[in-house]
Amino acid sequence: MRLRNIPDALERIQNQNLLVKTPWNIDDSWIIEIGMGKGKMISQLAFDNPNKNFLGVEKYPSAAVKSIKYVKKYNLSNFFILISDAKDLLDQIKGKANTIWLTFPDPWPKNRHYKRRLTYKDFLKIYANLLVKDGILKLKTDNLKFFEFSIESLKENGWKITYQTNDLHNSLVNSSNIKTTYEEKWVNLNYKIHYLEAIFI
């Protein structure tokens, strides 16, 4: 479904004091979600973990602005937004995070577009530079081929997969899983969600 353009989206995010100024300094209390969309999952994580800080990275202001309703619902003071493309993150963020989430990124299914996938080696280098030692990269996707590509890419580029499942909602970690808006849609259609955790070694 095409994202509806909201002309004043960036202004509305700024007015809520959610937009970070770059370069933004972080430390190991920070958790980052790349491609947060409407922010449902990360805002719930922020509410559940008030002693940690959360940064939602989203390329499109018209998607990110939707997170405002969750900020108000949970009265969050530990959640912020960065409007950025993933490839620019090392210029936008200074410091190292505890965890990076990749939630349902575009799988770019055509072979000629493989370098655009967020688990391609160039992006994995960025995440490695943004994570503390033993920091965790977490991936959720409904696309099996993309998941398999991601597993191979991680293994080939210095990462160790510490957990993986092809059925997140019937797995050991499901009890702590928070669904994204996109995830809820696919679960209702009985799609299986693939999930992994990895560290850079």
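Placement of Cβ uses the backbone N, Cα and C atoms for every residue, glycine included.
Record check: Swiss-Prot places Glu33, Asp85, Asp106 at the S-adenosyl-L-methionine site, and the matching candidate among Glu11, Glu58 is Glu58. The number of other CB atoms found within 10 A of the CB of Asp85 (S-adenosyl-L-methionine binding site), across every protein chain shown, is 11. Within the set Glu33, Glu58, Asp85, Asp106 that the record links to S-adenosyl-L-methionine, no two Cα atoms are more than 14 Å apart, and one pair reaches that distance.
Less than 8 angstroms from the CB of Asp106 (active site) sit Arg116, Arg117, Leu118, each of them six or more residues away in the same chain. Across the residues annotated as binding substrate (Lys110, Asp142, Thr180, Thr181, Tyr182, Glu183), the two Cα atoms farthest apart lie 25 Å from each other. With a cut-off of 8 Å between CB atoms and residues at least 6 apart in sequence, the same chain places Met41, Ile42, Phe54, Leu55, Gly56, Val57, Ile100, Trp101, Thr103 near Glu33 (S-adenosyl-L-methionine binding site), listed in sequence order. Other residues of the chain with a Cβ within 8 Å of the Cβ centroid of Glu33, Glu58, Asp85, Asp106, the S-adenosyl-L-methionine site, are Ile34, Gly35, Met36, Gly37, Val57, Lys59, Tyr60, Ala86, Pro105, Leu118.
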